[in-house]
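Some features that TrEMBL has for this protein:
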{"type": "TRANSMEM", "residues": "146-165", "note": "transmembrane segment"}
{"type": "TRANSMEM", "residues": "171-190", "note": "transmembrane segment"}
{"type": "TRANSMEM", "residues": "289-308", "note": "transmembrane segment"}
{"type": "TRANSMEM", "residues": "328-350", "note": "transmembrane segment"}
{"type": "TRANSMEM", "residues": "371-391", "note": "transmembrane segment"}
{"type": "TRANSMEM", "residues": "422-441", "note": "transmembrane segment"}
{"type": "TRANSMEM", "residues": "453-478", "note": "transmembrane segment"}
{"type": "TRANSMEM", "residues": "498-517", "note": "transmembrane segment"}
Amino acid sequence: LMAVDLAVDLLLFCPPQSGNESNDGLYTGDGSVDIKGNPVLKSNTGNWRACPFILGTECCERLAYYGISTNLVSYLTKKLHEGNVPAARNVTTWQGTCYLTPLIGAVLADAYWGRYWTIAAFSTIYFIFDDTDSAERVKKGSFFNWFYFSINIGALVSSSLIVWIQDNAGWGLGFGIPALFMGIAIASFFSGTPLYRFQRPGGSPVTRMCQVVVASCRKWNLAVPGDSSLLYETPDKNSAIEGSRKLLHTDELKCLDKAATIADAEAKSGDYSNPWKLCTVTQVEELKILIRMFPIWATGIAFSAVYAQMSTMFVEQGMVMDTSIGSFTIPAASLSTFDVISVIFWVPVYDKVLVPIARKLTGKERGFSELQRMGIGLFLSVLCMSAAAVVETRRLAIAKELGVVDDPVAVPLSIFWQIPQYFLLGAAEVFTFIGQLEFFYDQSPDAMRSLCSALSLLTTSLGNYLSSFILTVVTSLTTRGGQTGWIPDNLNEGHLDYFFWLLAGLSFLNMVIYYFCAKRFKSKLAS
């Protein structure tokens, strides 16, 4: 407690940050402050001393979420007696809606409340380190790995202990435990308040983007100067956008540069105060960054559709396999434990083994770039769906051999044959989802980080909706003319393997598109 009090005292008596102080090594250079709004000393805030509170919060919060989502398809089919397709569709729709809510928190965080009070209100995590410090940039990359590790510790408890409680001790207790851990998550977050760094709200990012579009349209007939230094930018060292560094001009999307072009009337009057007529280069570059990130962002949707199968079709596939070990019966949803084990295995291997090797080979401080990391994950997702299809093909072959195609019974094929698909999916998560977190955090404008982080979560939301849509279309097309369809309530007479092969094919096509998008992507240039 005394150490915490000392840190608070040091923070409270920090002098106001001037232009020189931000770069003298004592203070953060990204404009972050303490809870009172004063500049923060690097030595007493952020870094790994603040991480346990964030990681503990995320572990408990994810335990609460996965405690509901992991076994939800079983609840819908067993307790509410829904069919396989409606149950899977309802789960993915519910998950998709859950991942839409961060967009609301993101706008509030970036524009009005700041991240801390938004987290306090909605218990949604968006956390700062200092981008202007090279040592902290390396640590931040490691933080994202352990952040995801903590998520999966919570998921491990949910997919094993809580799933067992739900199947054997009752759904009331099984859903009550996650609520308890959500309370613990909130307490953990507030406990670390003195150690956090706070990014000042920079105003509404949506408004700033609209201003660029409107100003560009107003000056559509105005020629953009060949010398980018003639474009409008504040003379101050800091950006006009609160909590944001200046962004350097790029030559892409020059039509948007019209928004920063100074008209003769503006030059004569000296009035540059109307952002709906004249925007700064930094403001224009913010919109350019979002446009450049869009193709990369879009390719994450198909991956999330694959990931959604873990809590839907993988579980339904496991329910018609041999789930017994002696006298003990394994809940089908508990096989997602191997996805979590895979993540827990790959995070330290990636952080402590692969990154140092790649760092020596590539010379990059993080070993792999975010784009390379995401590409590897997309390739693994193709292998994951292929493995699931192979297992289902074998399961259906056994059902045919035993003559139980017309009977809705489990086939004597051990559920542990699902382990490879779960393990591959876990590896894909480590590369793709963590790569996404890093990519959207690093490449986003400083004052739009919450929004861009929420956009990365939006791919999960849209991926779940895409999964629901694919299920609906597949069911509609394959049941025409009175046909059984690929995914009937009795999976023994269906062709779930075809559905998995379809997703494998879509994942491969998505990976090819991603390759060309990533090859053309240009990183942001911050001052």
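The backbone N, Cα and C atoms fix where each Cβ goes, and this holds for glycine too.
The transmembrane segment (328-350) makes contact with the transmembrane segment (422-441), as judged by at least three Cβ pairs under 8 Å among residues 6 or more apart in sequence. Residues of the same chain lying 6 or more positions beyond the ends of the transmembrane segment (453-478) and with a Cβ under 8 Å from any Cβ of it are 85, 88-89, 92-93, 95-100, 102-103, 105-106, 126, 293, 297-298, 300-309, 312, 436-437, 439-441, 444, 485-487, 495, 499, 502-503. Two recorded stretches are said to be in contact when at least 3 C-beta pairs lie under 8 angstroms, sequence spacing 6 or more; the transmembrane segment (371-391) and the transmembrane segment (171-190) fall short of this definition. Only residues 6 or more beyond the boundaries of the transmembrane segment (498-517), in the same chain, are considered here, and those with a CB under 8 A from a CB of the stretch are 295-296, 299, 302-303, 305-306, 309, 313, 374-375, 378-379, 381-382, 385-386, 388-389, 392, 470, 474, 486-487.
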